[in-house]
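Below: one structure, written as structure tokens.
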Amino acid sequence: MCGIVAAVANRNIVPLLVQGLQRLEYRGYDSCGVAVHNGGLRRARSTARVAELLQQVSTEHLEGTTGIAHTRWATHGAPAVHNAHPHFSHGSGDEAEGRPGRIALVHNGIIENHEELRNRLKAKGYAFASQTDTEVIAHLVDSLYEGDLFEAVQSAIARLHGAYAIAVFCRDEPHRVVGARAGSPLVLGVGAEGSEHYLASDAMALAGVTDQIVYLEEGDLVDLQLGRYWVVDRQGDRADRPVRTVQAHSGAAELGPYRHYMQKEIFEQPRAIADTLDGIQAVVPELFEASGNHPAGEGAHHVFKQIESVLILACGTSYYSGCTAKYWLEGIAKVPTQVEIASEYRYRESVPNPHTLVVTISQSGETADTLAALRHAQSLGMRHTLTVCNVASSAMVRETRLAYLTRAGVEIGVASTKAFTTQLAGLFLLTLALAQAKGRLTESQEAAHLKAMRHLPAALSAVLALEPQIISWADDFAGKQNALFLGRGLHYPIALEGALKLKEITYIHAEAYAAGELKHGPLALVTSEMPVVTVAPHDALLEKLKSNMQEVRARGGVLYVLADADSRIESEDGIHVIRMPEHYGPLSPLLHVVPLQLLAYHTAVARGTDVDKPRNLAKSVTVE
Ligand code: G6P
């Protein structure tokens, strides 16, 4: 999704800005641009990759000491150069047209009242060169400018409805950038010498530049000048936000022996799970105690004792980890659990229960719909909140009372893999903690579950060794247009996740069904051209699943079965079987999803798609 980098310095900052954009590329974008102060406003924009923007700025000798840069993921207006940021006030801002711009601006988010503002600004004589909601803000700041950029931005944001993070500079104030955030993340980077300062939508953009980060809060406005900065809150009062030392993530950007980040991240899963459990194992003796250092945060045990039900809110892959957790929470902890897509929950009328534990699940902790759903639940009086999240400094962690932090490390591939399995690990621990708080776990059950969790990294490594067999399946899938995924019980969400992975990165149409639903519709689609992936662990539903598989075979469908070692399903004509190394009981979803990730990955490689940056998708969806 859109990314922002900005800087005020006393050296040419174009390379720093473009490198910052490169670090944000993983989030997904369809155009990019950079603008600097150099006598007047100058910019370069492109619908190609950031690498090409780098070429362009060097060919055009674009240089300057104050500047802003952006990667855009189109919402209002097609992905085209004229819609790419930075936007200038006064139409195109193109000197050749004799209309030099005064304000340069980049924006993440969506301005909801852009139509109304556009009409007012047009009436004042502003010419629009794009279809974006962003250009409206540039003109608006211009219309309010009376010699002080900070004041102009402050007045402008008071007129905006919607979500934004912005960075702005002005032709008439060469060493100043003003930023503001409401609904979209923005951080301030403090330069090593204290003389130059930066803004970015994600601290990762500043990796290698500074590790001194200030997380701006909702409604904050920030003024960057050479050698000084200050922040004011939404009331206009000076705010002292702490400077945190944030570990640079640049190592995460190294591919090592892997061809793509997604492949690297799939193979990092044993370590990611081990790290996630480590963070929690450090306090395992206290995990089930009433007092002490509870891994979910202070007072967690007390909250877990009180709550009557769980409401899980999430989007995308994180939603499927929630769907899996429902089986654990009801099956093991016996706590009624509802899982809802965040964008649905936030807009529907629901019946709030103040004794519900609201659980948000998010890799980024910044997904707009999940955050809005959380705030909606809070506004309905639900104050017991917990997040399972991969980013400790994210809005989601800041806004919930309790948190299980996953330690997947930075995930760059748009298609989520290690974040999913670490979320499952966090959700399983939540299940155990709830079960214990409610007295629904015997000591021996607790010990058996914890033992199985500790063995997970080794079990995952054994599953990853199946890669060569998966590659042979991927060769079959590469030429297909459609695929069906079946699963039952705990593994139905895993079938959903497998289908999502395949469609995201291979563009093959894939659907997942609870296998019992086969006869109620999808069976009509089954032909020899429709591969049917079946997740078939050796559990109580295996015999029923085998009947579903016969229904597929009888219609000429070709089955690709992920069976356990002792499932007694043999490969034969039209049935391809891969055996999982061991049966893993309730934690089996963490293992069964891995071959499905590898299947999507290798099918995408065979089809030659852009694995890490699939078309139209973004890593972190910070707009609605
Ligand atoms: C986007 C990403 C998905 C992710 C979803 C939710 O769609 O491409 O991989 O599952 O957002 O993101 P979150 O950060 O909240 O888990």
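Glycine is no exception: its Cβ is also placed from the backbone N, Cα and C atoms.
The active site, nucleophile annotation in TrEMBL covers C2. There are 29 other Cβ atoms within 10 Å of the Cβ belonging to C2 (active site, nucleophile).
Here TrEMBL flags K619 as active site, for Fru-6P isomerization activity. Secondary structure at K619 (active site, for Fru-6P isomerization activity), taken from DSSP and collapsed to helix, strand or coil, is coil.
Feature annotation from TrEMBL assigns domain 'Glutamine amidotransferase type-2' to 2-227.
Under the heading domain 'SIS', TrEMBL lists 300-440 (among others). Sorting each residue of the domain 'SIS' (300-440) by its DSSP state yields 64 helix, 27 strand, 50 coil.
Taken from TrEMBL, the feature domain 'SIS' applies to 473-614 (among others).
Classification of C2 (active site, nucleophile) by DSSP places it in coil, neither helical nor stranded. For the pair formed by K619 (active site, for Fru-6P isomerization activity) and C2 (active site, nucleophile), distance between Cα atoms is given as 10 Å, rounded to the nearest Å. Neighbour count (other Cβ atoms within 10 Å of the Cβ, all protein chains): 25 for K619 (active site, for Fru-6P isomerization activity).
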